[in-house]
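Here's the structure we're looking at; comments come further down.
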């Protein structure tokens with residue numbers, strides 16, 4: 001295309017941003033991208049011949065706070081749902097089935113629960129469970145409830161406002177009365193909670209004695225914990241990782257690129273060594289025609305330090321007194337350490353030095369706290385660390401607020417959301433135009449009502465204004481209904497029940513607000529790091545306040 005048409009397209013995209021595009025996604029249409037490539041195309045490493053070219057919007061890294069990678073000396077990763085992306089259709093179903101069985105066989109719930117099925121597409125992150133009332137809520141960034149369901153029944157606007165709108169003090173919507181659905185692993189328990197709410201409403205005599213909504217949620221959490229403690233889920237994943245984990249061939253090139261650039265790399269996971277070794281073997285294995293190779297410790301060469309059983313978010317507190325044990329990779333045996341230094345056994349003056357796993361220099365530990373990690377990696381300042389995780393509270397908030405680490409949040413749902421945003425950019429512009437039209441009509445209505453009330457008018461003038469008033473009232477209702485319908489259709493493109501992940505109505509959702517507050521960077525997949533130079537300076541788009549949006553849009557029109 002010609003430079004003039006490119007410039008026009010660029011200006012149009014900027015105006016669409018000013019006209020109400022989610023601030024979190026304003027990097028999508030910054031005027032530098034042509035029609036986006038489909039995200040299904042295989043991304044290439046940044047340093048390859050075709051690297052650095054225009055890649056899918058859904059693979060981009062978005063920036064909330066400036067981050068110069070040249071200042072980063074260590075890059076760390078969570079494992080579950082960050083390096084290892086689980087398949088919701090199999091893994092979440094596995095978690096759901098395991099939880100149901102624990103409720104029936106261990107906690108006294110009726111056997112008919114075993115016949116229930118799970119829709120893994122129904123729930124989304126960012127929802128809030130009202131434990132006492134049995135409601136599921138979606139809020140905007142100001143904590144106003146915009147979408148509410150009791151079980152699977154949508155609450156009427158009047159019911160919603162009466163429950164959450166008419167209070168003398170604003171509810172914080174936090175624990176202990178509410179539960180935040182902020183991880184992908186929580187989606188199955190949220191769905192089960194909704195099913196149990198409907199079940200107790202229709203069958204009050206079939207649940208354990210004394211069980212109310214809050215008690216049922218507590219039982220669901222107890223059943224989930226039982227699944228973790230007895231290894232129900234991890235044993236199944238270990239038997240067939242391919243069935244439950246996405247096979248991402250970009251992980252090893254990404255880790256190699258970071259290490260070649262001179263950065264230290266580390267892994268901090270709540271999973272224990274045996275499961276960590278199985279998952280990381282699957283992710284970092286060499287693909288051969290003969291199938292998957294036997295377990296080895298080859299993957300350790302991509303890391304300097306691996307900490308398993310970290311018990312995040314407590315791990316991020318330096319005053320956490322958890323002992324740090326070194327793991328012997330081939331046996332899983334734990335060895336006492338003094339801040340990471342092996343300690344001699346009683347009766348011996350020579351400390352036991354665990355094998356490192358082939359020729360790798362990586363050391364594997366269990367437990368400890370962030371102070372141990374800083375010492376092992378020779379970190380002088382917490383701002384030298386970039387940590388990548390999927391959990392707002394377990395990974396990002398604590399590491400950001402408590403430590404000052406730089407953070408990157410992995411949001412797999414973002415890839416589809418970004419592509420839909422591009423497809424619906426004209427619809428979003430229509431929505432903004434309808435809102436402006438409604439404002440204009442209401443301004444005119446207020447003028448007429450004021451004139452009728454306070455001005456000395458003739459009967460003819462009053463009749464004329466009253467006729468115009470009726471016409472404007474009808475026009476306002478038409479525009480209101482049109483905007484409401486178009487907004488519902490727009491949100492329905494993203495999710496049939498909860499709408500766009502990062503929006504609630506036309507406000508940023510509570511989840512989006514948390515992403516903006518606590519994540520320096522956010523992206524759809526951890527391996528998107530490989531699409532950018534390891535020395536890149538990430539810069540956020542300029543912030544705009546409402547008065548600036550109006551001025552910039554008017555300037556564009558003129």
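Just so you know, glycine gets a Cβ as well, placed from its N, Cα and C.
Summarising the annotation, TrEMBL assigns Mg(2+) binding site to 78, 390. Under 8 Å, Cβ to Cβ, and six or more positions away along its own chain, residue 390 (Mg(2+) binding site) finds 78, 80, 81, 82, 183, 184, 409, 410, 411, 412.
Under the heading active site, nucleophile, TrEMBL lists 78. Residue density at residue 78 (Mg(2+) binding site): 26 other Cβ atoms are found within 10 A of its Cβ, drawing on all protein chains shown.
For residue 80 (active site, proton donor), the Cβ neighbour count at a 10 Å cut-off comes to 24, with all displayed protein chains included. The active site, proton donor annotation in TrEMBL covers 80.
Feature annotation from TrEMBL assigns GMP binding site to 80.
The feature coiled coil is assigned by TrEMBL to 424-489.
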